């Protein structure tokens, strides 16, 4: 077993001893918030972990990588990668009783960059994540009408036909790309601000501010709704979905295993990435949430419970989504068949009702035998239920195009639309609680505003600042900017941060010290499983996933999909290359948080090297005194 521990002088002076923890907890009662009860804490963590990615990415990956076969690598990596890191974040936050910045600064001053990296990543992800919530609110507002505005194409200016762009695509495509985003044909074509999206963005940030205005004191109340309502809606959708024609086609298609996919490296790497991102690890929010717990809270049990529910939710959502996708595919299959039947009836003047799906092939053969020349003139569509089911869509396309199209074909479609977007709103909002916590608490530790200022002011300034920056997402090119940030802000930086977190706890803080801390908090030491995963397995898996992502991103040209009515294959999306200046944006978005970790460590090393010996001795004495008094500023 690896027992390497790097030199870390002054650690005992920077962190409270185990004997002091209970006293510190009592002293914090009046100055630091605590959870009202265990349910608040668990619901908040679940809300942060279970987000929009569970709805629109996991089902896509399941379907793309062998259906039920994908569950095998997903569950294996859930156990070997997700749960150990979640347990580590819960335990270190509960032990050191600080936010992410304070935790890593306490472990070693040079690790302050790790907390800064988490804060920057939380900020950038929250920047675009709340824009998605604003889109959800726009669809929710438009759901309170009959018929739904994306049910039919609008008429053109002359009232003589449908708008050409809609007629060439579909009503759901047109409502999403034109009436919602009013999208341009390039990220370079910024266009103007769409006022309706700006108003929705303002509403989204206002709601978030009201829910996070006093930290866990307000979010702890909100999660009773935001973290439980999605499960109620999902269950309602499952019951409704299973009663729809063709729902079982989707579920069978989803879980039909293709075991050959298990031999593909991409399957395992995508499973590892999905486990990692679905837990919202490395944002700093989970560390902050756990720091408000009692010293003797059983963080091991919490991590296992949250992990099991998170994994169960991913599978549960996939079943719900593909029951609806199965219904949609069956509807499209029936429409396709109806078109072919009509073609045959009109071509041979057959009586209506004489041709059905069951006898269609037989009627084709009869017509072909009776008049081969006339039959050869007919053009039939290819109707394949598996082809319709295979049209895998992830991300916003699943929520705002595929699901909305399926909803329009349901009876009482406005009701189902309202329920669906309320569910998405709750999932997105509860995830944003963790992102805000990952920004607010580190900024408090940095003392960017005077300590006497109330938390409401800091939270308000953050919401206002991010709202103003978010104007870029309300431009005609806003969706392209959001996709860019989604691809790079919440991927490579999080992998680097998570790897550094585990390395720092195991080899800088010391895994033996960590084991003793946990034994003090929960009554027993972590077993051999946790030892092996923390020391070797989990860091190795994260390193492999990071290297894979890095190699793929560096070796491939950066491209993105655009919506261009002038494209010859419209309504298919067109893939084009990013302009060169986007590479600078990618470096800023992915590189700055990642480089903050070694950058601050180098800065600290140079500063300590240049410091006079007498000053260094005085600094250590000051730090020790401040730590004992609880006044240490990070």
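Heads up, the Cβ atoms here are built off N, Cα and C, so glycines get one too.
Same-chain residues lying 6 or more positions outside the topological domain 'Cytoplasmic' (1-41) and placing a CB less than 8 Å from one of its CB atoms are 95-97, 105-109, 214-217, 220-221, 223-224, 289-290, 292-295, 297, 302, 507-512, 516-517, 520, 531, 535-536, 620, 623-624, 627-628, 630, 632. Annotation source Swiss-Prot lists topological domain 'Cytoplasmic' at 1-41 (among others), citing sequence analysis.
Under the DSSP three-state reduction, residue 17 (phosphoserine) is assigned to coil, being neither helix nor strand. In the shown protein chains, 9 other C-beta atoms lie within 10 A of the C-beta of residue 17 (phosphoserine). The phosphoserine annotation in Swiss-Prot covers 17 (among others).
Under the heading transmembrane segment, Swiss-Prot lists 42-62 (among others), citing sequence analysis as support.
The list of residues near the topological domain 'Extracellular' (63-67) in space but at least 6 beyond its ends in sequence, with Cβ under 8 angstroms from a Cβ of it, reads 253-262, 264, 266-267, 270-271, 322, 390, 392. Residues or ranges marked as topological domain 'Extracellular' by Swiss-Prot: 63-67 (among others).
Swiss-Prot lists 68-88 (among others) with the feature transmembrane segment.
Residues or ranges marked as topological domain 'Cytoplasmic' in Swiss-Prot: 89-120 (among others). Taking DSSP states H, G and I as helix and E and B as strand, the topological domain 'Cytoplasmic' (89-120) has 28 helix, 0 strand, 4 coil.
Per Swiss-Prot, transmembrane segment is recorded for 121-141 (among others).
What Swiss-Prot records for 142-192 (among others) is topological domain 'Extracellular'. Within the topological domain 'Extracellular' (142-192), the DSSP-based counts of helix, strand and coil residues read 15 helix, 2 strand, 34 coil.
Other Cβ atoms within 10 Å of the Cβ of residue 158 (N-linked glycosylation site), summed over all protein chains shown, number 6. Among the features that Swiss-Prot reports, N-linked glycosylation site is placed at 158 (among others), with the record citing sequence analysis.
What Swiss-Prot lists as N-linked glycosylation site is 182 (among others), and the listing cites sequence analysis. Proximity of residue 182 (N-linked glycosylation site) to non-local residues of its own chain (separation of 6 or more, Cβ distance below 8 Å) is seen for 191, 194, 476, given in sequence order.
Look at Swiss-Prot and you will find 193-213 (among others) tagged as transmembrane segment, backed by sequence analysis. Only residues 6 or more beyond the boundaries of the transmembrane segment (193-213), in the same chain, are considered here, and those with a CB under 8 A from a CB of the stretch are 130-131, 133-135, 137-138, 141, 180-182, 219, 222, 226, 429, 432-433, 436-437, 440, 455-456, 459-460, 463-464, 466-467, 470-471, 473-476, 478.
Positions annotated as topological domain 'Cytoplasmic' by Swiss-Prot: 214-221 (among others). A Cβ distance under 8 Å defines the sequence-distant neighbours of the topological domain 'Cytoplasmic' (214-221), meaning residues of its chain 6+ beyond its ends; these are 33, 35-36, 40-41, 44, 289, 292, 433, 437, 440, 455-456, 459.
The transmembrane segment annotation in Swiss-Prot covers 222-242 (among others), and the record cites sequence analysis as its basis.
Outside the topological domain 'Extracellular' (243-268) by six or more residues, the chain places 59, 62-63, 65-70, 72-73, 77, 318-319, 322-327, 329-331, 333, 385-386, 389, 410, 548 with a CB less than 8 A from a CB of the stretch. Taken from Swiss-Prot, the feature topological domain 'Extracellular' applies to 243-268 (among others).
Proximity of residue 258 (N-linked glycosylation site) to non-local residues of its own chain (separation of 6 or more, Cβ distance below 8 Å) is seen for 66, 67, 69, given in sequence order. The N-linked glycosylation site annotation in Swiss-Prot covers 258 (among others).
Annotation comment: Swiss-Prot describes 269-289 (among others) as transmembrane segment, evidence class sequence analysis.
This prediction places the mean pLDDT of the topological domain 'Extracellular' (63-67) at 77.
Between the transmembrane segment (414-434) and the transmembrane segment (222-242), three or more CB pairs separated by 6 or more residues in sequence fall under 8 Å, so the two stretches touch. Each residue of the topological domain 'Extracellular' (243-268) gets a DSSP state, and the totals for helix, strand and coil are 18 helix, 0 strand, 8 coil. Taking residue pairs at least 6 apart in sequence, the transmembrane segment (582-602) and the transmembrane segment (222-242) share fewer than three C-beta contacts under 8 angstroms. Comparing C-alpha positions, residue 368 (N-linked glycosylation site) sits nearest to 354 among the recorded positions 17, 158, 354. If you look at the transmembrane segment (582-602) against the transmembrane segment (491-511), you find at least three C-beta pairs under 8 angstroms, all six or more positions apart, and that counts as contact. Taking the C-alpha positions, the distance from residue 354 (N-linked glycosylation site) to residue 17 (phosphoserine) comes to 85 Å.
Listed as Cβ neighbours of the transmembrane segment (42-62) (distance under 8 Å, sequence separation of 6 or more from its ends, same chain) are residues 68, 70-71, 129, 132, 216, 219-220, 223-224, 226-228, 230, 254, 270-271, 274, 277-280, 285-286, 289, 302, 305-306, 309-310, 313-314, 317-318, 321-322, 392-396, 398-399, 424, 427-428, 430-431, 433-434.
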